[in-house]
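J.: Features from Swiss-Prot:
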- 11-31: transmembrane segment (TRANSMEM)
- 41-61: transmembrane segment (TRANSMEM)
- 69-89: transmembrane segment (TRANSMEM)
- 95-115: transmembrane segment (TRANSMEM)
- 125: active site (ACT_SITE)
- 136-156: transmembrane segment (TRANSMEM)
- 144: active site (ACT_SITE)
């Protein structure tokens, strides 16, 4: 295997997952201590605010109104996905840096929200994007942002790979 990285593959990128996890947890700790529930601090009028919200469901509060079983379902899913991401990361070759970064971002975000879900029973969200008082995107957090960026990078890699037979970036 000419492009192999060795026994541990691209696991050296776990530092990025750890960084995402630390920033995510530190930011949640900060905003939970600074804000009351649903309080808004306007950063950019009519566009961007800090707020505090708890999400017992998944993305966009999916299943948030359920009786509590969803906490463990989503925790199990996050654990399974995290395990798959670590194995995938380990198996990457030397020329798959773009993919390694994408996987590390998703993993760090998944672990950040997993910690909240298990330790607190809900995920702490604090970023609110809106247009005046007419449209509000659901509140989210740093972990969600890392997952989204990583997922977009994975999609770009997949589309490029399908089209040309090679990865988007080295």
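Quick reminder: no glycine exception, Cβ is built from N, Cα and C everywhere.
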J.: Reduced to three states, what secondary structure does DSSP give residue 144 (active site)?
T.: helix
J.: Does the transmembrane segment (136-156) make contact with the transmembrane segment (11-31) through 3 or more Cβ pairs under 8 Å, each pair 6 or more apart in sequence?
T.: yes
J.: Check the transmembrane segment (95-115) against each of 11-31, 41-61, 69-89 and return whichever range has the most CB pairs under 8 Å.
T.: 11-31
J.: Identify which of the active-site residues 125, 144 has its Cβ surrounded by the largest number of other Cβ atoms within 10 Å, counting every protein chain shown.
T.: 125
J.: State the three-class DSSP label for residue 125 (active site), counting H, G and I as helix, E and B as strand, and everything else as coil.
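T.: Going by the DSSP assignment, residue 125 (active site) falls within a strand, counted as strand.
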J.: Just to verify a number: CA distance, residue 144 (active site) to residue 125 (active site), in angstrom, no decimals.
T.: 9
